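Copied over from TrEMBL, here are the features:
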ACT_SITE  GLU115  active site
BINDING   ASP8, ASP114  Mg(2+) binding site
DOMAIN    4-196  domain 'UmuC'
SITE      PHE13  site 'Substrate discrimination'
Amino acid sequence: MRIVLHVDMDSFFASIEERDHPRLKGLPIVVGSDPKNGKGRGVVSTANYPARKYGIRSAVPISRAWKLSQQAKKAGQPEVVFMDVDMAKYARVSKEIMNYIASQGEAFQAGGIDECYLELISSKNNWKTARARAEKIRKYIKEKFRLTCSIGVGPNKLIAKIAVEDNKPDGLTVVRDEEVQKFLDSKSVRVIPGIGPKAEQALLQIGVETIKDLRQKTKGELVEAFGKRGGDFYQRARGISDSPVEAGGEAKSIGRDMTLEKDTLDPKILLPHFKAIAEDVFSLIKKEKLVFKTIMVVVRFEGFETHTKGHSLERPAKELNIIETEAMKLLLPFLDGRQNPKRKKIRLIGIRLSNLGEYKPGLFD
């Protein structure tokens with residue numbers, strides 16, 4: 001029997017800021033780029049739950065968030081407090097929390113800065129001990145860090161991930177093996193990882209709205225309509241997933257991005273910003289004492305079309321000049337037309353490092 005926990009920190013960035021600034025308690029908080037009175041060009045990183053009541057969520061354009069805040073203000077509601085991203089602080093808190101969670105089970109997998117999976121493999125574990133372990137984790141995080149998390153518990157990663165959304169914030173949902181189908185059937189197909197807006201619309205065209213509807217389709221029907229993905233949908237509608245919790249507690253990646261003041265293809269504007277991003281990412285891995293093996297650039301064009309391009313090194317690296325050189329090689333095709341034949345202007349650029357590992361003492365000396 002597998003027992004997997006999915007731990008998800010509640011509005012992580014905004015909750016840390018609320019904790020560190022008691023005067024903000026209970027107010028709507030948005031962490032992201034500067035809204036500039038509705039003219040800002042970035043997006044929301046995190047919105048706390050009071051801000052979400054205004055319709056503000058992660059990835060919403062910051063200009064839209066500002067307008068929603070002004071609408072709320074006119075209606076007599078508190079105005080949103082906009083705060084800059086302090087990624088170094090969030091990363092420090094995340095590392096402490098993840099280290100603790102990793103100590104509570106036999107297999108741990110980071111899913112990002114604010115979420116992770118934990119598998120309880122010991123034969124002594126059962127659903128009762130799993131619930132107790134989840135409560136212990138929630139209590140520790142609340143008392144030690146003054147933050148809340150939500151936890152989903154299920155027989156695999158798929159069910160645990162869906163369950164965590166059932167009782168947020170500061171909640172716990174346990175779905176036993178025998179409860180899986182009842183738990184899934186009434187839910188929208190959108191809760192299944194891999195089913196986005198386009199797939200949802202395509203499923204609606206064949207009469208599928210809920211997971212129960214999806215389960216009533218044959219595997220052949222789904223494969224015919226969606227190809228290989230249809231087979232995945234067939235399995236997931238039945239709560240079937242054998243995806244392992246990958247042992248290891250290191251963060252999967254570290255990165256930074258920047259939304260430009262104005263869409264552009266001008267290297268004189270782009271390259272200084274790109275160099276600053278490289279320096280920022282370097283400072284993060286140096287601070288966290290990490291080396292990397294894979295580097296990726298992120299480019300978002302006007303219209304929010306996003307592309308990534310990556311490269312893996314032969315061996316781990318730690319130097320700023322390697323980050324700058326390798327990232328530049330990946331960026332140039334977007335500037336000279338090889339990866340951007342229509343010469344679309346660029347809205348956002350970013351650098352992400354992955355395949356991370358701990359450095360040995362003296363590497364940064």
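One is the number of the first residue shown, and numbering goes on along the chain from there.
Here the Cβ of each residue, glycine as well, is placed from N, Cα and C on the backbone.
Feature map: annotations from TrEMBL on the structure.
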{"residue": "ASP8", "record": "Mg(2+) binding site", "DSSP (3 states)": "strand"}
{"residue": "PHE13", "record": "site 'Substrate discrimination'", "DSSP (3 states)": "helix"}
{"residue": "ASP114", "record": "Mg(2+) binding site", "DSSP (3 states)": "coil"}
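In terms of local Cβ density within 10 Å, PHE13 ranks first among the recorded positions ASP8, PHE13, ASP114, GLU115. The distance from the Cα of PHE13 (site 'Substrate discrimination') to the Cα of GLU115 (active site) comes to 12 Å. Cα-Cα distance from ASP8 (Mg(2+) binding site) to GLU115 (active site): 4 Å (rounded to the nearest whole number).
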